Amino acid sequence: MLKSSSSLVAKSILRHQCKSMSELYKIHTLLITLGLSEEEPFVSQTLSFSALSSSGDVDYAYKFLSKLSDPPNYGWNFVIRGFSNSRNPEKSISVYIQMLRFGLLPDHMTYPFLMKSSSRLSNRKLGGSLHCSVVKSGLEWDLFICNTLIHMYGSFRDQASARKLFDEMPHKNLVTWNSILDAYAKSGDVVSARLVFDEMSERDVVTWSSMIDGYVKRGEYNKALEIFDQMMRMGSSKANEVTMVSVICACAHLGALNRGKTVHRYILDVHLPLTVILQTSLIDMYAKCGSIGDAWSVFYRASVKETDALMWNAIIGGLASHGFIRESLQLFHKMRESKIDPDEITFLCLLAACSHGGLVKEAWHFFKSLKESGAEPKSEHYACMVDVLSRAGLVKDAHDFISEMPIKPTGSMLGALLNGCINHGNLELAETVGKKLIELQPHNDGRYVGLANVYAINKQFRAARSMREAMEKKGVKKIAGHSILDLDGTRHRFIAHDKTHFHSDKIYAVLQLTGAWMNLDVDYDDQDNHCFCS
């Protein structure tokens, strides 16, 4: 019992809601001296705040729980949940094992977060073991657990197990349907995902977002936008950040600037919070759609305090891709002044900028800075350095750089070197690199074409023809390139030699007229002399 002289003060301390860990440390120390550190509601509040709060410390929660003379069951669930959301989800499994050693039985609130940890760890074996434990504990048809299991199997790309569980469930709710839809979408099976989507009698924003994201991840961007349009027409669900990021991504890949602007206006009209992720997506979309001014406008309006490395990367990379090389490098220095730490992608953007601008000295500086920052250069960083050197005509240096790399050269590295050799007239090295490329990627049509071009430039026409013969022998077919033009909201696709475009007669007529004005002796009806459209 509390002493009457201090009961009011003690009760006040026990009920105090902490707002920071430093405050919690002080109160905990005080209660230890008073012998009240295991009293409620301090125990439950301490475990809840330290394990689940964004400003908490789940390791502290675990230590606190372990030292209690009679740790409550809910405390174990709090700590397991906290670790499942942390940078160390494997610790939740350790807590679970210790819980079992104490003879405590997991309940319907324990398993879902253990399954979340197994998903984050990509541990299929662990997930299967947890499922077996659920069955043994008699919780196999708990709706919360079943929905989490479907989501877990989906994260493992195991649609079969997810579907089997879905079909066997005696009761389903909207979360169940969303879970199986997301499982199919994550695995890239958008056909099955769409069948589930069409079968659903009820949909919410998660449903629509999963279907849209599934199409985006499969590269079916037009279908993603069609689903979004359907969502808007039905009006039953308001799009959220996840929805809009996927929609913006689709616009970016399609180069659909007008559509992207419409989406941006929608975000503003419905007062959707312009989070860092949304702003970064908009910057990336505008840059990829050729409107660097709009990209800059989005970035400029953002408060520096609300930015992160990803947003700075998007605008730095966007400026560089549009030829604003010096501006992108200056912005990097501004980024450092703003106390935003660059990451590996930042240096990749900077190296790409140096490549476009022919800035060899600066590229070496950034490449060395990346190493000095403690990060290990990835394949993409090495590829950028090869591109920088090759574009600048330093093809021998690029070749030496590749030879001294601690990783094996990729097709993109050798491809950049090959282009540099061709552009700067080193045909001997070009032939050597071209042959290595074919060995590395024997089914890539572009590698044969690249070496054929080397032979043609060197007037070795027989060797050039042999490349086509080699392609035919290996069954490699040249994939026709295409261009896309967005005109007044309508997308026009142009492919070599094709005349299926609904205005092809008029287009060819204009080409003939243009050729005549330019005194070009070209027959646009001769497929051997031109590449055209559909």
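Glycine residues also receive a Cβ, built from the backbone N, Cα and C atoms like all the rest.
Range 489-519 is the one annotated as region 'Type E(+) motif', of 148-178, 210-240, 489-519 (source: Swiss-Prot). Outside the repeat 'PPR 10' (343-377), and at least 6 residues removed from its termini, the chain residues within Cβ reach (under 8 Å) are 309-310, 312-313, 316-317, 319-321, 323, 325-326, 328-329, 332, 335, 384-385, 387-389, 391-392, 394.
Only residues 6 or more beyond the boundaries of the repeat 'PPR 3' (107-141), in the same chain, are considered here, and those with a CB under 8 A from a CB of the stretch are 73-74, 76-77, 80-81, 83-85, 89-90, 92-93, 96, 99, 148-149, 151-153, 155-156, 158, 169-171. Below 8 angstroms of C-beta separation, residues 143, 146-147, 150-151, 153-155, 157, 159, 162-163, 166, 210-211, 213-215, 217-218, 220, 223, 236-237 of the same chain, each at least six residues beyond the ends of the repeat 'PPR 5' (173-203), sit close to that stretch.
Residues 174, 177-178, 181-182, 184-186, 188, 190, 193-194, 197, 246-247, 249-251, 253-254, 256, 259, 270 of the same chain lie 6 or more positions beyond the ends of the repeat 'PPR 6' (204-238) yet place their CB under 8 Å from a CB of it.
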